[in-house]
Amino acid sequence: MQGPDLTSPPARPPRVGLLLCNLGSPDAPEPQAVRRYLAEFLADPRVVEIPPLLWWPILHGIILRVRPGKSAAKYQSIWMAEGSPLKVYTERQAKYLRGALGERGLAVNVEWAMRYGNPSIAEGLERLTSAGAEHVLVFNAYPQYCAATCASVMDAVTDWLRKRRAQPEIRVLQSYFDHPAYIQALVSSVRAHWQREGSTGQHLLMSFHGMPERTRQLGDPYHDQCQATARALAAALDLQDGAWSVGFQSRFGPAKWLEPSTEQRLLALGQARTATLDVICPGFASDCLETLEEIAMEGAETFHAAGGGTLRYIPALNDSGESQRLLATLAQQHLQGWPTSLPPRNHPA
Ligand SMILES: C=CC1=C(C)c2cc3[nH]c(cc4nc(cc5[nH]c(cc1n2)c(C)c5CCC(=O)O)C(CCC(=O)O)=C4C)c(C)c3C=C
Ligand SMILES: [Fe+2]
Ligand SMILES: [Fe+2]
């Protein structure tokens, strides 16, 4: 074993930083923590676009009294030993990304952050810049752009910038809904699932998180990007029309949401006596409450009760090898032109 090389100066810290951002989870699967999380999340005007004077009485008078208890019980059913799946996988993705970029010869400091809850986006930016980052890539883990997610991350980034004198240069990875490396990662994931299960299912349902229909009419590209991802995945898997479909899940409140809903699709596929239904949630970079509980547990029950056979949930890309390659490829492409070369070591003569 060699000891540390004390004759050469310490390596210069990376001048480039990457912040991997996702939505966020409560700190614990308990009503109190869920309430704190939902209060922050559902007060974001990018998420609920109802004038505060109308919305706040409903949020504080009804939703934050009723929902935390119910949601906490659901969180308990999916919680991992290390914590919330969304956070556990995001942290692992950041760790692998740090290693993978280093292996590709890129000196990049990587941190991860949650838009709601902890660690916050401000904390992540603070950590990167205080460690020397002069350039920061804000990497949205969301494959499809939506104002409720990506624009909201930018609101948090600009809130932080507003308070800074010396600002880093900022770049944003906004979406990758049709990137060939993303479609390829999904294809590999579906094929690996079919191999594990020993058969292709009768139908592949691609379920994306829902949004109010109104946001589509106002010009949010989210719906079209979800459809584009689904078409690209079906084509790459060589699926015939009728062998796949799209649904939008997690409806919230009384307004009209994007259609068809995942629930409608599960009922129709169940009533059609589909024996094996594969379900993938391509919009989630990591598994979370919305996939593990709402689809793999509740969705399976809905499908079965309607007359269907087995619902086989295909895990999100999470911390798989495919995910690691995908994230590193996307990051590398978006870091081009920035000073990522490893700092020279000035060996004493
Ligand atoms: C008006 C309400 C909501 C909108 C709009 C919305 C958009 C949206 N959400 C995600 C991704 C995730 N959402 C998650 C949980 C979650 N979402 C809502 C409501 C809206 N989402 C609620 C109230 C919750 C909390 C859980 C509950 O009480 O039901 C999660 C999972 C978080 C976790 O901790 O596991 C994700 C991820 C997207 C991508 C999106 C718009 C495209
Ligand atoms: Fe959501
Ligand atoms: Fe849900």
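Keep in mind that glycine also has a Cβ here, set from the backbone N, Cα and C atoms.
Residues or ranges marked as Fe(2+) binding site by TrEMBL: His209, Glu290.
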Around the Cβ of Glu290 (Fe(2+) binding site), other Cβ atoms within 10 Å, all chains included, total 20
Taking DSSP as the reference, which of helix, strand or coil describes His209 (Fe(2+) binding site)?
strand
